[in-house]
Amino acid sequence: MDDCIAAISSATGEAGIGIVRMTGEGCADVLDSVFKRANDKADFINRKMTYGHIVDDNEIVDEVLVCYMKAPHTYTREDVVEIYTHGGVVAVRKVLEVLLNNGARLAEAGEFTKRAFLNGRIDLSQAEAIIDMIKAKTDKAYSVSMKQLEGSVNRNIKQLRDKLLDMLSHVEYSINFTEDMQDELDNTPVLNEGKEVLDKLKKLSESANRGRIIRDGINTTIIGKPNVGKSSLLNALLKENRAIVTDIPGTTRDVIEEYIDLDGISLKINDTAGIRDTEDIVEKIGVEKSVSFISDSDLIIAIFDSSREFDDEDRKILDLIRDKKSIVLLNKIDLDGEFDVDENLEGIEVIHTSIKNNEGIEDLENKIIEMFNDGYIEANNDNIITNIRHRDIINKAIKSLESSLHDMEAGVPIDCFEVDLRNAWEILGEITGETVDDDVLNKIFSDFCIGK
């Protein structure tokens, strides 16, 4: 995998500039064949901008700046060329077409970063950190991704694998050179070190849920009957009109997703269809989807209308959020009240709101911060797992190590518990990419955009 590839690296749409990137063997030759310098200098200077034009059959395609970066000190550790074009859709597309017509191949999704991994510039956890940085919705998520790109996950896993390797060395030495294993072998040092590794693995695994929240946001679902103010709440939190607000019940028929940064905490908010009994097929599907979102939510905001009497549909909503992490809003307090709070919401903490008048919104925001800042993992914590793939691998390693330590304590023959010990060591290598198969690699890099 060293042929010349090319792709658009800048975002699609109107912009000041566009970027087309190439890497691989022969990319300088491809550039030479389509680039006409403004002066007569023959060679590109490493890491220096060169002004000129991209041409196709001597016809100018675009006025550009070109930067040629010579291997190995590049993103991919191969020769890299970046062409800075005028912004917009057409200019970058036409420049890319010229490159493809003159020897470059269109890059696959994530192929630039995949080459950086295969060429040893980054490990797999760092490659995954790059896509997390690109997708980060808050400063905190970005900071965690940056630490992982700098190698925080790699350092943690390498330290644990090194300890497991020391244990394996001790065990294998005993297998090969101890004549009477049962009488002479002392497993105590190996057992103690194994317990230390196990404890650290469990702490990493336990960090994954809060790490996921930092990375993906608090999965928050707004529920309630039609016209209680769900879409108005979304707009109030966003501080813009994203959702349609009308007096017509059932206006929201599908789930609207938006991200909000709340004092460094990211909320992924799902504005759902109003929950009620309905004969409308489309609305009914929306209601069913609303209910299904509840089970996967980290937080549920249930809204009730203080101007209406409590009814069976309200009771159904209360039942849905029972034993869930939730906040109850009693909205429309600016209207005459029909809702008996003491009778129907006894023992439930309620925030009184008039979303239309922006009353109670700050109280809601403060409540969310209070709920999720309690023991919240800070972005400068290196001992944090944000990737679900990493968590699953760590959990598999925990099972293997627990099995090995159990057999060790039970006096099982040494060559038996060595198998699970080695398995734990190999499993952890999947995080950094040292023991991962091609299918996993292809899946990870397919999540990247083309051009990264």
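Each Cβ is built from the backbone N, Cα and C atoms, and glycine gets one as well.
Pulled from Swiss-Prot, these are the features on record:
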type	residues	note
BINDING	R21, E82, R121, K452	(6S)-5-formyl-5,6,7,8-tetrahydrofolate binding site
BINDING	N227, T246, I248, T251	K(+) binding site
BINDING	227-232, 246-252, 271-274	GTP binding site
BINDING	S231, T252	Mg(2+) binding site
DOMAIN	217-373	domain 'TrmE-type G'
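Features per Swiss-Prot, on structure.
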{"residue": "R21", "record": "(6S)-5-formyl-5,6,7,8-tetrahydrofolate binding site", "DSSP class": "strand"}
{"residue": "E82", "record": "(6S)-5-formyl-5,6,7,8-tetrahydrofolate binding site", "DSSP class": "strand"}
{"residue": "R121", "record": "(6S)-5-formyl-5,6,7,8-tetrahydrofolate binding site", "DSSP class": "coil"}
{"residue": "N227", "record": "K(+) binding site", "DSSP class": "coil"}
{"residue": "K452", "record": "(6S)-5-formyl-5,6,7,8-tetrahydrofolate binding site", "DSSP class": "coil"}
Neighbour tally for S231 (Mg(2+) binding site), based on other Cβ positions within 10 Å of its Cβ: 23
Winner by Cβ contact number (other Cβ atoms within 10 Å) across the binding-site residues R21, R121, K230, K452: K230
Candidate nearest R21 ((6S)-5-formyl-5,6,7,8-tetrahydrofolate binding site) in space, where candidates are the binding-site residues N227, K230, S231 and distance is Cα-Cα: S231
Number of other Cβ atoms within 10 Å of the Cβ of N227 (K(+) binding site) across all protein chains: 21
Candidates E82, R121, K452 (binding-site residues) - the one closest to N227 (K(+) binding site) by CA: K452
K230 (GTP binding site) versus binding-site residues E82, R121, K452 - nearest by Cα: K452
Averaged pLDDT, computed only over the residues in the domain 'TrmE-type G' (217-373): 79
E82 ((6S)-5-formyl-5,6,7,8-tetrahydrofolate binding site): tally of other CB atoms within 10 A of its CB: 19
Residue pair K452 ((6S)-5-formyl-5,6,7,8-tetrahydrofolate binding site), S231 (Mg(2+) binding site) - Cα distance, angstrom, rounded: 36
Rounded Cα-Cα span from S231 (Mg(2+) binding site) to E82 ((6S)-5-formyl-5,6,7,8-tetrahydrofolate binding site), Å: 44
